[in-house]
Amino acid sequence: MQGGNLSSPTSFLLLGFSTAYKAQVSLCMGFSLIYLVTVLGNLLVMTLVWLDTHLQSPMYYFLGHLSFLDICYSSVTLPKILRDSLSPQKTISLVGCITQIYFFLCFGGCECVLLAAMAYDRYLAICHPLHYTALMSKKICHCLVAVSWLSGSFSSLIQALLTAHLHFCGSNVINHLFCEIPFLLEVSCSPNALLNKAVSYALAATVAMVSFLLTLASYVHILRAVLQKGAGRQKAFATCTSHLAVVSLFFGAGAVTYLVPQSSSSKEIDKVLALMYAIVTPMLNPIIYSLRNSEFQWAIRKALCRAGCLSLNAIKYG
C-alpha cells in the first residue's frame, strides 16, 4: 500500500444491526426502555445513598459510585445508538469516534476496578468482621475509588492517543454499533496498527483480567466462609451467585471482544456481546447489587412514605 493512499477520514459509517425500518423502530423502542431503566434505577440508588443516613457504610459508598459510573458508561453509547437506529446515515466524526473510545474505555476500566473493590469490601465484611472498620476506613474507600478512576483514565488515554494516530485506506465503514478499538483496527492500514493492537490487548488484560481475578478470589473466600459457618448460607450463596453472574457477564463479554481475534467470531455475535457489557450490565447492576437488598428496600419504602406525607400535607394546607 502506497504511503500516499493513507488518509484520515473525517467521519465513519456505523452499520449497526439492521437496515429494515420496522426492525430499527423495534430496536429504538427496546434501547429507549433499557436506557430509561438504567438511568432511573441508578439515579434512585445514588439518591438513596446520598439522603439516607442508614446507607452511609463503605458498601453503599461503592454502590453509589458504581451507579454514577453506570449512567456515564451507558450514556457514552446508548444515545448515539438510539439516534442511529432511526437515522438513514449512521455516521460519527473522527473526533467523535476517538472521544467515544476514550470515555467508553475510561468508564469501563473504572467499573472493572470498582467491582473488584466492592468484592474486596464484602470479603472483609464477611471473613474479617472484627477488623472490618479498621481495614475499610473512609480513607481507604476514597483511595480505592481514586485508584479506579486513575487506572481507567490512564489506560483509556493511552489507547485513545494511539488510535488517534491511525491511518485508513479508503474504507470508513465500521461494522459495529459504536466506535471500539478492535473494530477500528479492522479498517486501518496504519503501520502502527499492530502496536495499537498489542497495547490495547495488554491494557485490557491488565485492567480487566486482574480486576476479575481479584473479584473472583474475593467471592471464593466469601463462599468458603459461608459454607463453613453455615449461618445464612442460602441467602449469602444466592447473593454471591447473583453478583458473580453479573460480573462474569461484564468481564466475559468484554474479554471476547478485546482478547479474541475478530476473524474468529461473527459480526452479529460481536454486536450482541457489545450490548451485554455496554448496555445490559449497567441496567442490571442497580437491580442485582442494590434494589434486591433489604436495607435498600426499606429505604425506598421510607422515602415513598415521606413523599406521600409531604403530598398529603401540601394538599391539606394548600
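Keep in mind that glycine also has a Cβ here, set from the backbone N, Cα and C atoms.
Features of the protein shown, as given by TrEMBL:
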- 41-289: domain 'G-protein coupled receptors family 1 profile' (DOMAIN)
- 32-51: transmembrane segment (TRANSMEM)
- 101-120: transmembrane segment (TRANSMEM)
- 140-162: transmembrane segment (TRANSMEM)
- 201-224: transmembrane segment (TRANSMEM)
- 236-260: transmembrane segment (TRANSMEM)
- 272-291: transmembrane segment (TRANSMEM)
Selected stretch (most C-beta pairs under 8 A with the transmembrane segment (101-120)) from 32-51, 201-224, 272-291: 201-224
Stretch-averaged pLDDT - the domain 'G-protein coupled receptors family 1 profile' (41-289): 84
